[in-house]
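Visitor: Dropping the structure in here first, questions after.
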Amino acid sequence: MGPVSLLVIGIIAVHCMRILVKCAHHFCRKLQKPFVDYGDAVMYGLEASPVAWLRTHSIWGRHLVSFFLIVTQLGFCCVYFVFLADNLKQVISAANGTTNDCHSNETVVLTPTMDSRLYILSLLPFIVLLVFIRNLKFLSIFSLLANIAMLVSLVMIYQYIVQGIPDPGRLPLVSGWKTYPLFFGTAIFAFEGIGVVLPLENKMKHPQHFPVILYVGMAIVSVLYVSLGALGYLRFGANIQASITLNLPNCWMYQSVKLLYSFGIFFTYALQFYVPAEIIVPCARSRVPERWALAVDLLLRTFLVCLTCVLAILIPRLDIVISLVGSVSSSALALIIPPLLEIFTYFQEGLHPVTVAKDILISLIGFVGFVVGTYEALEALVTTPASPSPVSNATGALVL
């Protein structure tokens, strides 16, 4: 059920990306603008709306997109805090008993160690220093290093999970229906990249090639998600943990994989943080004298990092954090807004009834996922223990 649903959600998400690009191109031609971002496209779409109230309040469309972008990206940052803490805790607790035997998932002895929340807190000063790097060119160097680290880790993870897969006949094909909303939030979280689609196209030397790049890139991502999720579930069974790395054996080779992946995630934090910082910081700097601008910039960055740290401490369950972020904000950006934007954009020019029905259906799917996924994630947060635990069959092995 998971791989099939993930594939369907991926196709819908990519289709919504194409809708956004098409609407942005429409407004570029209509308004003679070289570039239109997500917020601009929604604002211009509301200005073309048949509803007078929406036309007069079109600026709120831009604000709404900015709000969801901030929530989504800071949510990613919360996830990274939890991921780093979980992996570091596992590596350190198993350090004394780590062996060279990678055929067993057990260590000789697990050393008691501090709570995951304290690991999250201990990461705070290092991440604060990281986000003080404001130059995107320097961040791109870290991004390259992070990608290399995660690629090496991914290859090692694949070569482990394809070995010794037990008989899958004992595993259920479908999990309980209540786990599906959590899965939905996780899947949308995984595919939510719509906020960077227009900036990427704008930076391309040949923007006309963007559709091919989008489809090929998302196809590769989908294959990785589906294969890693399915193989991970087959390899580790129903008790699989929220991140595939946490299921690896505690031998030195795979402990290094956890550290290598953590290295990549650590530097990727700064890239995810860059988007909300670029929305919030310039607005704050413009309201203070120039001599205070740098201080306000650094203080605001510190505050935002501390905010993500506090939220990660309050919800130290990786699976719940991911599902909650995906349901609350990613579903709005990826599924709800783009189809409605297409209807508003082309309303005056006429849309085929099938296109209108398709757009309304996608938005309804996104809205239902938003409401039910958020409810289920909050219920899971309230009713389950705070300590990390195995996740449900529907969501396990999908993360990362």
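Backbone N, Cα and C define each Cβ position, glycine as well.
Any TrEMBL annotation is an automated prediction that lacks curation.
Annotation source TrEMBL lists domain 'Amino acid transporter transmembrane' at 2-377. Per TrEMBL, transmembrane segment is recorded for 6-24, 64-83, 116-133, 140-161, 181-200, 212-234, 259-280, 292-315, 321-347, 359-378.
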Visitor: Give me the stretch from 6-24, 116-133, 181-200, 212-234, 292-315 with the greatest number of Cβ pairs under 8 Å to the transmembrane segment (359-378).
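Guide: Stretch with maximum Cβ contacts: 181-200.
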Visitor: The transmembrane segment (6-24): which same-chain residues, six or more beyond its ends, come within Cβ distance under 8 Å?
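Guide: For the transmembrane segment (6-24), the list is 36-38, 40-41, 45, 184, 187-188, 190-194, 197-198, 201, 210-211, 214-215, 218, 221-222, 225-226, 229, 334-335, 338-339, 341-342, 345, 359, 362, 365, 398.
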Visitor: Please identify the stretch among 64-83, 116-133, 181-200, 292-315 with the greatest number of Cβ pairs below 8 Å relative to the transmembrane segment (321-347).
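Guide: Maximum Cβ contact count belongs to 181-200.
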Visitor: For the transmembrane segment (212-234), I need the partner stretch with the highest count of C-beta pairs below 8 angstroms, choosing only from 64-83, 116-133, 140-161, 259-280.
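Guide: Against the transmembrane segment (212-234), the leading stretch is 140-161.
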Visitor: Could you tell me what the rest of the chain brings near the transmembrane segment (140-161), counting residues at least six beyond its ends with Cβ under 8 Å?
Guide: 102, 133, 224, 228, 231-232, 235-236, 244-245, 248-249, 253-254, 257, 260-261, 263-268, 270-271
Visitor: Report, as numbers and ranges, which residues of the same chain sit near the transmembrane segment (116-133): CB under 8 Å and 6 or more residues beyond its ends.
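Guide: Distant contacts of the transmembrane segment (116-133): 81-82, 84-86, 88-89, 139, 142, 266-267, 269-270, 273, 277, 298, 301-302, 304-306, 309, 312-313, 316, 387-388.
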